[in-house]
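Each remark here refers to the structure printed beneath this line.
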Amino acid sequence: MGRLALLQSQATGGLVMDEPLAPPPSPSPAAPAPRPPGRPRTFACPNCGGSVTLRAVGQSISATCSQCSSLIDVADENLRIIQKAQAALEPSEIPIGARGRLQDVEWEVVGYMRRSDRTGYYEWIEYLLFNPYRGYRFLVREAGHWTLVKMLTRDVPAAGSAVDITVEGRRYAFFSKGQALTKYVAGEFYWRASTADVTETTDYIASPHRLMVESNDEEIIVSEGIYLEPSQVAEAFKLPLADERYGPGVNQPNPHKRWLRVPLAALGVATLLQFGSLALSPGRQVVSQTFTLTSADKGKTFASEPFRLEGRGNIEFETSAELKDDWLELDVALVNVETNRSYHASQGLENYSSGRVTERTSELLSPVPAGTYKLLIDTNAGLFTKVPETVPMVAREDYLQTWLRNNGQAGSAPASQPAVAPAPANPLPSETFTVTVRHDVPIWSNYLGAVGLLALGAGFGFFRDRRFERSRWEQGGIDEEAPSLSGNLAAGGFVAAAAGTSNSDSGTDDWWSSSDDDDSDSSWSSDDFSSFGSEDT
């Protein structure tokens, strides 16, 4: 029999099929339309006599005895046993009968299934959820990850093929193909569930969404799921569910994407601020003066011409000098001539290469107030230890004082007093240096430092992001760079039922709430769901 299209039926809320079907095994057929909530029904198990409680009365077709775990056909008035004592009873994290609120709808757990891929190694759990006003959902737990699943009641072209598909404007990437085997069932179901159920599965992902296709020889079922955090499920059912996620979830949102988005956004903001400061603070040169320093200038203070700073802003000192086998240190004081307040900076230059090289250094001062300023510069240099080959020209008085210090006593004089000392063969050692002052200078160091840190964060995020995605796609047996390849692991195979397939729910809640059925279960309230729109999600 060919593939059956999944179409919405406004009249019945079920599936319209192009051919009649025998009662299908798994995958599950479309869920019955929601009915007024009835009181739970209790009957005796035909196998062991134990008490069996039906919660979705009038909609469940099969149920499991909680005493002997036999599967019972509750649609048969004789309560025919489908399967006897399938296995020992299994405990479940969320007990059957538990109620929890997910996506603003209260759901009750009515069924539990354990399924696996064809190898039997990879297993997952499916909880069947029921609400009399919204129908059925499946809550799927695999490797500690949770997905809330519903059936799509529309045709999905190319569903089941190993290609990417688009549904409702969302593009899903092909993830895997495989088989799903039902290994254990408990509770009640709206189809004749059995541990003999085997279906072909195809999975597609568009994190946090997931598209799941199950098929057998009879029909094809397409379901859509959305990822839930473990904390959401624990809070919904008020249970201490541990966060035991193992590896990336098939449709888990990549938690490392923010390590890419945040640094890039911050880099954009930092760039805007930096270029904004360039426009507002172009960095104006206010003074540039060259000084000559000789070996006789030790202890001398050099002064610049006064200059005016308009407005408050930072100050950059730049010093340059041509040096050869020498060093130069400057103690620069920026002095306000009106208040005598000073701001200091120390700068050093050196060069010991074979040739004469122009060395530069700069220093930035914190913002200073507007005013008239001048520079006072104290120096220290290697040339102060250098002497010429002959005694320099000095005045007669200087010569006499030097001679007296070295050869005689104060007040006496040499036998002959030369008018002047002999001229030196070479001039005094000297160096020239230039001091430049700029006002209101853009600061690049902060920006470049921020860029470096952000690049480091982005690189770390990119590495984590790629590792996460590669690990995710390896679960489907697919190279992340070539997602069109066929997968090996059946990571999907989740059957869900849409709660009400009509395009409009108008009047539905009013119809239920006005029901005259004396057996209605008052513990369900249609008011809880009145906020939902016409399309159940």
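First residue shown is number 1, and so on along the chain.
Cβ coordinates come from backbone N, Cα and C, glycine included.
Since the structure is predicted, the reported quantities are computational estimates derived from the model, not experimental observations.
Residues or ranges marked as region 'Disordered' by TrEMBL: 14-38 (among others).
Annotation comment: TrEMBL describes 21-38 as compositional bias 'Pro residues'.
Residues or ranges marked as domain 'DUF4178' by TrEMBL: 96-230. Counted with DSSP, the domain 'DUF4178' (96-230) comes out as 1 helix, 88 strand, 46 coil.
Per TrEMBL, transmembrane segment is recorded for 444-463.
Residues annotated as region 'Disordered' in TrEMBL: 498-537 (among others).
Residues or ranges marked as compositional bias 'Low complexity' in TrEMBL: 498-514 (among others).
Summarising the annotation, TrEMBL assigns compositional bias 'Low complexity' to 522-537 (among others).
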Averaged pLDDT score, the domain 'DUF4178' (96-230): 90
Residue numbers, six or more beyond the limits of the transmembrane segment (444-463), whose CB comes under 8 Å of its CB atoms: 256-260, 262-264, 266-267, 270-271, 274
